[in-house]
């Protein structure tokens, strides 16, 4: 009997010890929670910037379509895709038989006019002598009036013929020059130094320059690329030429490239497109987002950037180094005095509403110019906010 009582006492003692230990662990590790726990963030030093985001497309800083001004068959194409060409380098030749014949005809017509002029000039010398003889005879009444007038008329006629032939020679020379130019058009040269980025017309194709100017190849200067960044109408008033730009490309998302905004185009690209009616234009403009191109240039010595590549662009409106920064959610509107204040948690766990002067605010983080110090703890909420949100999410759906 005594052993049974002793055994029961031992079990009661052990159970009490376990309960006491559990209470001590709860108090030691979890503490006493009388209410919601405050959520705080420290004031830190760091880099902050206010940027405008845009998507850009790469273009060559200079690109031309090399066209044909002569009609005919492309006999020879002297370049291949990707070739480097120099200014005035021969890139293609068009069958020139028609142009050669036209030049020969023009030169022959010029020679005929020049021969006629030489003959008329000889006739003019004879007519002049005859007219002068009739003048002398007329003065001595040894010649009839009719003979005098005939000599005079013949002399003036030949003078007029010479002037006409001289004009014809001028025109014939122009025709020869034009024929030479047309013959030169059959030899197509590059108007600039660059890289052949497209071959539009192949060898053996026939081109017709009488209706439109057919493109043979496209040449671009790829040493420097221009990025056209589409800036929304909501942001375009916030950016200016000269602002710093950095961007990434899809192939190297971890590499940041630097540039400077050169220009903002005054009108969207849609202004160049024609619509069938003004009503359709107005209806489409009300439902279509408007973007303005911001242009900046980037050197491309190794050919990394290519035409039509995509760039994720950040246009830096303002930035600061070693700035006091806080989450923008920590800022509270001061309705009485204007501006902002923050809720600072003191050493005694008392909350102080402290006015602050805000610098850069990109809606994620904000720069504090005055009012707090590095390390200050700012209250941005409490645990009841998450608890309430979670309970609402678990609750029944209401309609």
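The backbone N, Cα and C atoms fix where each Cβ goes, and this holds for glycine too.
Bear in mind that TrEMBL entries carry predicted annotations, made automatically and left uncurated.
According to TrEMBL, the feature transmembrane segment maps to residues 12-31, out of the candidate ranges 12-31, 32-51. As stated in TrEMBL, the feature region 'Disordered' covers range 380-399 out of the listed 360-379, 380-399.
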